[in-house]
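As written in Swiss-Prot, here are the features:
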TRANSMEM  5-25  transmembrane segment
TRANSMEM  34-54  transmembrane segment
TRANSMEM  67-87  transmembrane segment
BINDING   Gly74, Thr77  Na(+) binding site
TRANSMEM  99-119  transmembrane segment
Amino acid sequence: MQALLFISCGAILGASLRWAIGLLFNPLFSSFAFGTLIANLFGCLIIGVLLGLFWQFPQISSEWRLFLITGFLGSLTTFSSFSSEVVELFFNDKWLNGFCVLMMHLFGCLAMTVLGIWIYKICSQLLS
């Protein structure tokens, strides 16, 4: 039951941030939901940093992992919104837009995760 509390608290914060990002960034482009891309890229950057942290300090409690990764990042990032937005572009015969959004999410998120790990490693070395 305690694990559910940690996940839920993280999810409240992650979902709130995702909603705010959508409000701020979605109006910028009419061709696709820019807020979803920003939320996913930011979430992947943060998970990269957290992966580096958890790899270096495996003794960090599972509660923090549940709060940050499962709760916060799980609700901040959104595969279902990304999927529905790409499918909608395809169904509206906006094939190029759909493919571009698909590639931005896929490769952008992978790159941001790697960047997050590198950022953690560099900061860790500078601070030690």
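Just so you know, glycine gets a Cβ as well, placed from its N, Cα and C.
Residues within less than 8 Å, Cβ to Cβ, of Gly74 (Na(+) binding site) and separated from it by at least 6 positions along the same chain comprise Ile7, Gly10, Ala11, Gly14. With respect to Cβ pairs under 8 Å, the transmembrane segment (34-54) is most closely packed against 99-119, considering the stretches 5-25, 67-87, 99-119.
In sequence order, Arg18, Ala39, Asn40, Gly43, Cys44 make up the list of same-chain residues 6 or more apart from Thr77 (Na(+) binding site) whose Cβ falls under 8 Å from its Cβ. Remote same-chain partners of the transmembrane segment (67-87), defined as residues 6 or more beyond its termini with a Cβ less than 8 Å from a stretch Cβ, comprise 6-15, 17-18, 32-33, 36-37, 39-40, 42-44, 46-47, 50, 98, 101-102, 105.
Listed as Cβ neighbours of the transmembrane segment (99-119) (distance under 8 Å, sequence separation of 6 or more from its ends, same chain) are residues 32, 37, 40-42, 44-52, 82, 85-86, 89.
For the transmembrane segment (5-25), the list of distant contacts is 33-36, 38-39, 42-43, 63-64, 66-68, 70-78: same-chain residues at least six beyond its ends, Cβ to Cβ under 8 Å.
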